[in-house]
């Protein structure tokens, strides 16, 4: 059987769904449950990663130091991972994470901007830390472009590289093409991280494994913003049934997911209309609240706003486009 | 573009999630919303179909006559469908459904027992009613067996025939094989009805369309027991994006799903541990409460009970096996 490493960002990506308010007991409890189930990697942090706790994207209930020391202490055999977005986190944050015993550091960049990860990946290589690079919003680049970006990341020192379907836009055939291209271009493990906007997260992850991905992400009950991520407790048995070995104990995994449903979230993610529309439009669903607010003020349909943002290829950081789009849709309607 | 007919059993299969308690206002409101969205077929009834309201499986809040007349009156362009399981429903029930203006009658049988549908399908052919036959628990038969059963149903008069993945066990490759075999054996539209236990309902439905299915089922927010059915509001845009035409208005569909979430259910379906285990084991998740009760009394793990029921190929109607399995698992543990 082919082995696949399951990477669990429940305690990082899930933070988005609870405004980064996971407390110490929740972090410790889930990390212990994940460790007991044999989940090989547990990622922890503010939803936007190291150094991101701020008024702008939300202050975390627990600071980076306490998050890392809590999870580090709870893990006996699982490795600990952290995530960093250049711009939010700095080299100082990386140093502290390594000092706290982070085994894996993931640097996330927009899918065409690998160069932003260069100095961080090189620093981590010098430290001997296992560095990963993930290309976000990967539906916005072709398989060939992604393969080129991935090869660059490996040149900078990444020991694993891959894609996030940040908008939940991809269908299995799209994943097969992208993962296949990357796997053909690099000789390190390839990562896939799915979102469930179009109900495809598990199917896309299976397609990724079949196309050669060696590291696949999943969160308990899909814990994450909007439609959520790939459900780890479904992903693992589907992979095992399809001929991939994960080393994870099924009952332990189901127990960890039940703990997460009970202790980490108010309710599991639900795929509402705007999650579907943002997935179809290929727009990061983190725009949701701002789209709703602006559309409400402008008297336009928020679904139209998402589709227009998709046509304009809006990405995170371009929230000012929302107001422009609302104004233009409102004006167009008034004129017609 | 290839056309696919979307068949919406929200008001029938969804009843399982609310113990058959949908009221007249809910039935009318959803039927109107589905009709406005252009969903071509709306199925209504007790969860177990015509004539099934009873102490044994639960009494419906609204009787068959009132359900059918309510929905008939609410639909302007959508066709109305009903469902019947031989044994629960009778020829008399079929006659009344036809008199109420049911456009489509679906007869459901275990996947190897098409002969139980024979006299009902022949009666409907005489009436000139559009009769469908659906083979349930279709993971328990091979593609070739299903194709043979489907051809028999067409011989009896079915104008469409297909499969239900009642246990939510199938993966896309399994669906491709089954739908492909049936499509090769009959010259009527082929039906696929998915369940989401392994997170594969939308991916399986897409695989079905690509393998030649012409009628695909979906429920608003997946409304149904346990992990629920295929989510129609996700299914339709995924099919459209993949080159299939449904004739359904996306915004109307999203509105109908929001109505359903608000007015039909307490919360959308969540895929819990026993939904996953029953899907993996290939056991109808309707056994859940009885398994929980018996396992609790016997002091055994309900997950073990599901896997053992799967090994014994238990199907609905064989609930007595649950007690046997619990007793044997308990005895095995005591002896070890």
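Quick reminder: no glycine exception, Cβ is built from N, Cα and C everywhere.
Quick look at what TrEMBL lists:
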type	residues	note
DOMAIN	B:4-254	domain 'Pyruvate carboxyltransferase'
BINDING	B:12, B:13, B:166, B:193	substrate binding site
SITE	B:12	site 'Transition state stabilizer'
BINDING	B:13, B:193, B:195	Mn(2+) binding site
ACT_SITE	B:16	active site, proton acceptor
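This view paints the features noted in TrEMBL onto the structure.
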{"residue": "B:12", "record": "substrate binding site", "DSSP (3 states)": "helix"}
{"residue": "B:166", "record": "substrate binding site", "DSSP (3 states)": "coil"}
{"residue": "B:193", "record": "substrate binding site", "DSSP (3 states)": "strand"}
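A separation of roughly 16 Å, to the nearest angstrom, links the Cα atoms of residue B:193 (substrate binding site) and the residue listed as 'active site, proton acceptor'. Spacing of residue B:16 (active site, proton acceptor) relative to residue B:166 (substrate binding site) is 13 Å (Cα to Cα, whole number). Other than the site residues B:12, B:13, B:166, B:193, same-chain residues with C-beta atoms no more than 8 angstroms from the centre of those residues' C-beta atoms, the substrate site, are B:9, B:83, B:108, B:164, B:195, B:217, B:224, B:229. Residue B:166 (substrate binding site) sits 6 Å from residue B:195 (Mn(2+) binding site), taking the Cα positions as reference. Taking Cβ-Cβ distances under 8 Å and a sequence separation of 6 or more, the neighbours of residue B:13 (substrate binding site) in its chain are B:43, B:47, B:217, B:219, B:223, B:224, B:225, B:229. Counting every protein chain shown, the number of other Cβ atoms lying within 10 Å of the Cβ of residue B:166 (substrate binding site) is 28. With the fewest other Cβ atoms inside 10 Å of its Cβ, the least crowded of the recorded positions B:12, B:16, B:195 in this structure is B:16. The record assigns B:12, B:13, B:166, B:193 to the substrate site; their largest pairwise CA distance measures 14 Å. Here the Cβ of residue B:193 (substrate binding site) has 30 other Cβ atoms within 10 Å, regardless of which shown protein chain they belong to. The Cβ centroid of B:13, B:193, B:195 marks the Mn(2+) site; residues of that chain outside this set whose Cβ lies within 8 Å of it are B:9, B:164, B:165, B:166, B:194, B:217, B:219, B:224, B:229, B:230, given in sequence order.
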